[in-house]
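Down below is the structure, laid out as C-alpha cells.
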Amino acid sequence: QSNATVGASGSWCQGLDIPNELFLVLGLVSLVENLLVVAAILKNRNLHSPTYYFICCLAVSDMLVSISNLAEMLFMLLLEHGVLVMRPSIVRHMDSIIDMLICSSVVSSLSFLGVIAVDRYITIFYALRYHSIMTLQRAVVTMASIWLASTVSSAVLITYYCSNTILLCLIGFFLFMLVLMLVLYIHMFALARHHLHSISSQQKPPATHRGGSLKGAVTLTILLGVFFICWGPFFLHLILIVTCPTNPFCTCFFSYFNLFLILIICNSVIDPLIYAFRSQELRRTL
C-alpha cells in the first residue's frame, strides 16, 4: 500500500506536458485581441476618457505578456531545432529581458486594475465632482507613474530574484491590491442593492449614469475574478517558494508551472472579450 501511494503521488508530480505550439497560438490570439482594443479606444473619440485610457493601458499590459511569451517560445523552438545558435551568456540575457517584461506586466496589470476600480468608485460615489477629481492631467500622471514603477520593480525583482524579501514584497503587493479592490466592489454592490430597493419601492426608472456605472462595476468584478483565477496559482507558487521550497507537496505543485503560465496567457486572451461584450461603445467600434 505504501509503494502504491508513492507511485500515485509520483505520477501526480510529473506535471503537464504542454506543447510550445499552444503557447504560440494563445500568444498570437491575445496579441491580436489587445491590439484591436487599443486601436478601438484610440480611434473612437467617445472613448477618450480617463477610464478607457486606463483600460487601454491594461490591454497594453496584456500585450506585454503576449509579446514576451511569443518571443520566448520562438527562441526556444529555434534553439531546439538548431536554426539559431547563441552563446549561453546571450541566452541568459535574453531570458532576463523576457522575465522583466513578464514581471512588468504583472505589476502594471495589478496596478491598472486597482486604478480602474478606484476610478469607477469615484464615478459612482462622487459623480458630480468626477471631472474635477479625475482630470486628464492626473490620469496621465497616474499612468506614467505606474509604468515607471512597474519597470523599476521588475528590474529589481529579476536582479534579486533569489531574495525572499523581494518575493514577499511582490506577494504583499498582490494581496494589498486584491483587498483594496474587494473592499471597493463590496461597497459599490452595497450601493447597487440599496439603489435597486429604492427603485422597487418608488417604482422609478434608474438614473442613466448610475446604471452605467454599476454595469461598469460588474464588468470590473468579472475582470478581477478572471485575474484572480488566472494569476492566483502563480502567486501561490511564489508563496510556496518562500514558505516550503523543499516540502514534497510544494515540489509537486512546482511541477505544474507550465499550467500556471497557460492560465496567465489565458487572462490576456479573456480580458479583451470582456471589454467587447460588456462595453456597447467599444463593441460598436470594434
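Using N, Cα and C of the backbone, Cβ positions are placed for all residues, glycine too.
Whatever TrEMBL says is automated annotation, not expert-curated.
Among the features that TrEMBL reports, domain 'G-protein coupled receptors family 1 profile' is placed at 33-275.
The transmembrane segment annotation in TrEMBL covers 22-42 (among others).
Below 8 angstroms of C-beta separation, residues 20, 23-24, 26-28, 30-31, 34-35, 37-38, 41-42, 84, 91, 94-95, 98, 101-102, 104-105, 108-109, 112-113, 115-116, 119, 139, 142-143, 146-147, 261, 264-265, 267-268, 271-272, 275 of the same chain, each at least six residues beyond the ends of the transmembrane segment (54-77), sit close to that stretch. Taken from TrEMBL, the feature transmembrane segment covers 54-77 (among others).
Among the features that TrEMBL reports, transmembrane segment is placed at 97-118 (among others).
Per TrEMBL, transmembrane segment is recorded for 139-159 (among others). Distant neighbours of the transmembrane segment (139-159): 50, 53-54, 57, 96, 99-108, 111-112, 115, 166, 170; these residues of the same chain sit at least 6 beyond its ends, with a Cβ under 8 Å from one of its Cβ atoms.
For 165-192 (among others), the entry in TrEMBL reads transmembrane segment.
What TrEMBL lists as transmembrane segment is 213-241 (among others).
Residues or ranges marked as transmembrane segment by TrEMBL: 253-277 (among others). Same-chain residues lying 6+ beyond the ends of the transmembrane segment (253-277) with a Cβ under 8 Å from its Cβ atoms: 13-16, 18, 22-23, 26-27, 29-30, 33-34, 36-37, 55, 58-59, 62-63, 65-66, 69, 219, 222-223, 226-227, 229-231, 233-234, 236-237, 240-241, 283, 286.
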